[in-house]
Amino acid sequence: MNVVILGTGCANLNSVKSAIARHGYEPKVSRDPDVVLLADKLFLPGVGTAQAAMDQVRERELFDLIKACTQPVLGICLGMQLLGRRSEESNGVDLLGIIDEDVPKMTDFGLPLPHMGWNRVYPQAGNRLFQGIEDGAYFYFVHSYAMPVNPWTIAQCNYGEPFTAAVQKDNFYGVQFHPERSGAAGAKLLKNFLEM
């Protein structure tokens, strides 16, 4: 199977690459349209700011390429947020617009931001991405912005208030947490995605 990690220039790819390799795959990192469009599975990881990430997406001519993908795509952390419409970060950043939902800064409710560490995730029953993962399993988060619960939410988490922990629209999936840092539950989620 052809597994590709999109080379956005805004992610630490080694941990994602290693996590995929542990399942027996050899992922390629690429932004070449011929490689990306022929991939069986695509990963869109991201760390840092939405502005820097979108600058890289545009500079590397990935904007239209990502939106043209028809195979399963998994956005991780900031990569999930990039699927949204607009981030409140940096006075507003236009995102890919695949999911018609904004990404506001989380309300702190007296809790520290960023939301960092292990938290429980509650998936919708029957979603293939979470098959075999128990309701309330712990995943590892590091973020200050989060997509609200919306019609494309497939899993929720609570940090002062509920937010979207995972999302799906058509072939595009996103997880706000880091599956590559989330132990057995994260490994199972990656396996589910790779075997879809």
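Backbone N, Cα and C define each Cβ position, glycine as well.
Cβ neighbour count for C77 (active site, nucleophile) (all protein chains, 10 Å cutoff from its Cβ): 26. Per Swiss-Prot, active site, nucleophile is recorded for C77, and the stated evidence type is similarity to another entry.
Listed in sequence order, the residues of the same chain lying 6 or more apart from H178 (active site) and placing their CB within less than 8 Å of its CB are S15, I76, C77, F139, Y140, F141, V142, G186. In the three-state DSSP classification, H178 (active site) falls within coil. Annotation source Swiss-Prot lists active site at H178 (among others), citing similarity to another entry.
Look at Swiss-Prot and you will find E180 (among others) tagged as active site. The C-beta environment of E180 (active site), restricted to residues of the same chain at least 6 apart in sequence and closer than 8 Å, consists of S15, V16, S18, A19, I76, G186, L190.
Here Swiss-Prot flags 2-196 as domain 'Glutamine amidotransferase type-1'.
Under DSSP, C77 (active site, nucleophile) is assigned to a strand (E or B) in the three-state scheme. Averaged over the domain 'Glutamine amidotransferase type-1' (2-196), the predicted model has a pLDDT of 96.
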